[in-house]
Structures are given as structure tokens and as C-alpha cells.
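Features reported for this protein in TrEMBL:
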type	residues	note
TRANSMEM	20-39	transmembrane segment
DOMAIN	26-306	domain 'Major facilitator superfamily (MFS) profile'
TRANSMEM	59-80	transmembrane segment
TRANSMEM	92-111	transmembrane segment
TRANSMEM	117-138	transmembrane segment
TRANSMEM	150-172	transmembrane segment
TRANSMEM	192-211	transmembrane segment
TRANSMEM	272-294	transmembrane segment
Amino acid sequence: MTSTAQPPQSGARPAPPEHLGHVIFIAAAAAMGGFLFGYDSAVINGAVEAIRDRYEVGSAALAQVIAIALIGCAIGAATAGRIADRIGRIRCMQISAVLFTVSAVGSALPFALWDLALWRIVGGFAIGMASVIGPAYIAEVSPAAYRGRLGSFQQAAIVIGIAISQLVNWGILNAADGDQRGKVMGLEAWQVMLGVMVIPAVIYGLLSFAIPESPRFLISAGRDKRAREVLREVEGDIDLDARVAEIEHAMKSEHKSSFKDLLGGTFFFKPIVWIGIGLSVFQQFVGINVAFYYSSTLWQSVGVDP
């Protein structure tokens, strides 16, 4: 899957205000995947010590359960593009919403540590899908004049999701008198923290039924009539023939990427690949993941009430 980012034709006009509001709604709905990305990634922070206590596990086993979601992320991100090209962007969003929901319920009601880890992998897969589908879909439905600004919705939603997850955790912890294993609505506080994600996951799923399929996918599937309707809906009064021809030309001229494209150079991979690997490695040295997953534990260790 490759997002469309063609320059506008000379006859194309930016979407008028009445269309722009609708496009903003579409982009915001798609960015809910980013919100869930941030929420699901960070919500475990408030449950770490309760999970350690309930299952009586050491730091190594606990760290594996927390980090195992990243395996699902990698698989989801690697497969999302192909899945989206086969069944469409909207169907992928709906699958992702279902996986987020299942993961939230399973994580809140685990039988043992092993199935908590399993549900985190499922949630990670949904994160991986959302991280690929959201930005691509937004780029494909956004008018060129607003594509960059609307594309930023995804990153903003991720940060908002992280912040909201911590605020919700704080509220639940207060309701449990500061005890992660205290009772809230018949469950331990940490279970409620993980289960609350059902709410935004369901909202994401419902919103996916309210937004149109990507014009790019519709054209690739031979549904030109529907693609024209969507283009008119999001871009306003444009030359539809020229716009469809533009998308078709871009699709035909694209190079289908494969793993072989990464190979070459002196050290097996191309230099740009090593730069990407290096950036990922140095990102870990910054220590952001420690704060991401263990900030509550760190504050408690120095005597600060989270």
C-alpha cells in the first residue's frame, strides 16, 4: 500500500469550507487509530506493579509481558499494507477496532500471565495496523492543499491518547484509594485501566462506518463511479476525469517494493537502511521507553505518590 500524494492538477481547487469541515471529520475519525495507538501503548504504565504483585513475577518476566506487544506491532505494521490493498482501508480500520476491543477485554480479564501476554500481542497487532493505515488513508482522502495539516492529526492523536490514558489511570487509581489492586466496579483497579480502552475502540469502529473508502483503493478495485463520488465529496468541484486519471497514472508508475530493495551497499543493506536502524537504536539510548512503560514505578521508587 502506498499513500497517494500527487500534486494537484492545474484545474483543481482547494476544498471549499463546506467540504473542508467534512474532510476534517474524516481525517479525525481515521486518526482515532492513532489515539488508540497511544492509549494502548501507554495504559500498561499504571498497571505494572499490580501485575507484578498479582502474578508474583520477577522484573524479567514482567518486562517481557510489557514489551511483547511490540512483536504484534511489528507483524501488524508489516502486513497492514498488503491487507489494505486486498480488502480496503476501511475494512482494515474495522479489523483493527475489533482487535483493540478484544485485546482490551482479554487484558482486563486474564486467566494467567501467559494470556495477558497473548492479549498484548493482539493489541500490538492492532497498533501496527493503525500506525500504517491511518496516515495512508488520511493522505489519500485529503485535498492536496490541506494534506500536510490533516496528516498531522495522526501524530497529535497518538500524543493525546498517551495523555488521556494516564489521566484515566489516575482517575481510576483515585477511585481505588491509590491501590492498583483496589476494587473499582467489582474489578481490581488495574483491570479497569486496561478494560476502559473498549470505549475508544468501539467509537473507532463505529466511526469507520461513517467515513468513505479511499478513492485510490476504489479505483484500484475498478469502482470508478464510487471513487468519483468520494472525490467530489472531499475535494469539491474539481475535474473528476483529470483527478481519476492522475491517480491511475500514479498507481501505474509506482514501483512495487520488496525486501530486495533494501539490499545493497558495502554492509549488506543500503546506507539509508542503516541510518534507520541507527536512529532506532539511539532512540532506545534516550530512555523514552523507560518513562513510557515504567514512569509510575519510577515515581513510586523515589517516594512520590503517582
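Every residue gets a Cβ built from N, Cα and C, even glycine.
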Task: Count the CB pairs under 8 A between the transmembrane segment (117-138) and each of 20-39, 92-111, 192-211, 272-294, then give me the winner.
output: 92-111
Task: Average the per-residue pLDDT over the domain 'Major facilitator superfamily (MFS) profile' (26-306) and send me the rounded value.
output: 88
